[in-house]
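Here's what Swiss-Prot has on this protein:
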| type | residues | note |
| --- | --- | --- |
| BINDING | ARG28, GLU89, LYS128, LYS495 | (6S)-5-formyl-5,6,7,8-tetrahydrofolate binding site |
| BINDING | 233-238, 252-258, 277-280 | GTP binding site |
| BINDING | ASN233, SER252, VAL254, THR257 | K(+) binding site |
| BINDING | SER237, THR258 | Mg(2+) binding site |
| DOMAIN | 223-417 | domain 'TrmE-type G' |
Amino acid sequence: MRAHEYALDDDIVAIATALSPAALGIVRTSGSSSIERVASFFSRAQALTRARAHTFLHGWILDGKTRVDEVVLLVYRAPHSFTGEHAVEIICHGGVRTVQAVYRLCLAQGFRAAQRGEFSFRSFFHGKRDLTRIEAIQSLVDARTCAAQQQAVLHLSGALQQEIAALTRALLAFSATLQGEIEYPEDEETRVHDIDMRELEPLVERLRRLRACWQERALQRTGVRIVLGGCPNAGKSSLFNALLGQDRAIVSSVPGTTRDWLEADLDLSGIPVRLCDTAGLRVTDNPIEAQGVVRSEQLLQGADCVFYIINGRAGVQAADCAFLSDCAVPLVVVVTHNDLMSMSERIQVCQAVQPFISAPVLSCARSQDARGAGEQCLAGGKNGEVRDRAPRAFVCVSAKTHAGLDALRAQTLHLLHGGQVPYEELSLGSERQYVLVDAAVQALEHAQEAYARGFGLDAVVHDLEEALYHCGALTGEVHSEDILDALFEKLCVGK
């Protein structure tokens, strides 16, 4: 069933929590008769039908005279609910059988099974949420980092809706001024020279900034895969654990301990990272380890960024130089065991790695509170020795003391994105929103150009009306059935 075909007169029900063993499960209902229908199988029927909005009731779900589960009901009265309708949420124990039994009782009492996104559609239909806040619900569910979660909450609270509403009011006021000049011209000229088109520029700039923020946050949406590579016993697994803040990989002084690759999620300043620890790169007669090496090579070739690990105590090996010469993806050379290295060892490693680094800069701080010029190393390519390649960086770290990890994160962010992203700034929440804002910007820029080239005010007003249409489509004030269908089918059942 498509969103615009939902039967709004039906009472609907859905299981709102994951259907798996858990402490609690929620069965969600909505509709004009939802309270009475739930009362028909609730032990305190009269108390439920008389309950005020936002009231909790404790009791039993009954199948005839048989008790099904001890529950708590949360009662909503229209219009003070998510959907704008009467609604009851049944909070039961989280066993799969129990939740299904309660759900089946709802269906038996005349509730219809809700479709994908139908609760949210009713919220939109009854004016409880605009489309930006509806989309924020799914963004909140999909958020993989704290920054994404905070941006979704910002949208859910109505910040984007309010921004677009303010822009719309300003555009309407400006358009009304132009309309007045057209309807009541002071002379025979269609164009009136005292119209200050500069008033339009701040509005265009605000929309441009929303568009730019969406483009700047591409990595926040797509995420990146960072693969740790290097020779056996270089310290890959130790660094993997240090970055995660937990012991996920087995660490041993025995070379070849890691035979298969491990993966874990990491939040890199708002960018979701899939971090991979791999088997050490070397020629081996062990068939199992050899398979691990092949997988490591494949993962390194397909990475968005490589952390190539070198044991600072062992120095740079021929195998390290071979890999650094051939690697074609963004790469950070990470020298480990920095807490155990002498100054001469640091200098030797820096000199050996220098020809392979095209982007200088990195910290080789010996400890978190180390000071002094001797504790820093800069690596930069020599003239004629650095070929064109993907961006690279060089950091010395200690997985034991965590010295240098902040520098590693900062350099990685710089390689992938070019610097820190101000995630607290309001942005757009979906590709649909980006397309509409981009269209609005183009319409307003066309209006500015039309006025500058001496076209009549009618042409300018036409462009303003087009921009207003796109702003209205963004919040849902104007919409088509196809847009609603595409948006609400992305939401899960129970949303």
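Positions of Cβ are set from backbone N, Cα and C atoms, glycine also.
Overlay of Swiss-Prot feature records on the structure.
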residue	record	DSSP class
ARG28	(6S)-5-formyl-5,6,7,8-tetrahydrofolate binding site	strand
GLU89	(6S)-5-formyl-5,6,7,8-tetrahydrofolate binding site	strand
LYS128	(6S)-5-formyl-5,6,7,8-tetrahydrofolate binding site	coil
ASN233	GTP binding site	coil
ALA279	GTP binding site	coil
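Close to SER237 (Mg(2+) binding site), meaning Cα to Cα within 10 A, are the following binding-site residues out of GLU89, LYS128, ALA279: ALA279. With respect to Cβ neighbours within 10 Å, the binding-site residues ASN233, SER237 differ, and ASN233 shows the lowest count.
Put simply, of the binding-site residues ASN233, LYS236, ALA279, the one whose Cα is nearest the Cα of LYS128 ((6S)-5-formyl-5,6,7,8-tetrahydrofolate binding site) is LYS236. Recorded residues ASN233 (GTP binding site) and GLU89 ((6S)-5-formyl-5,6,7,8-tetrahydrofolate binding site) have their alpha carbons 55 Å apart, per Cα-Cα distance. When other Cβ atoms within 10 Å of the Cβ of LYS128 ((6S)-5-formyl-5,6,7,8-tetrahydrofolate binding site) are tallied across all protein chains shown, the result is 18. Averaged over the domain 'TrmE-type G' (223-417), the predicted model reaches a pLDDT of 75. Scoring each of the binding-site residues (ARG28, LYS236) by how many neighbouring Cβ atoms lie within 10 Å, the top position goes to LYS236. Counting only the Cα atoms, the space from ALA279 (GTP binding site) to ARG28 ((6S)-5-formyl-5,6,7,8-tetrahydrofolate binding site) is about 48 angstrom.
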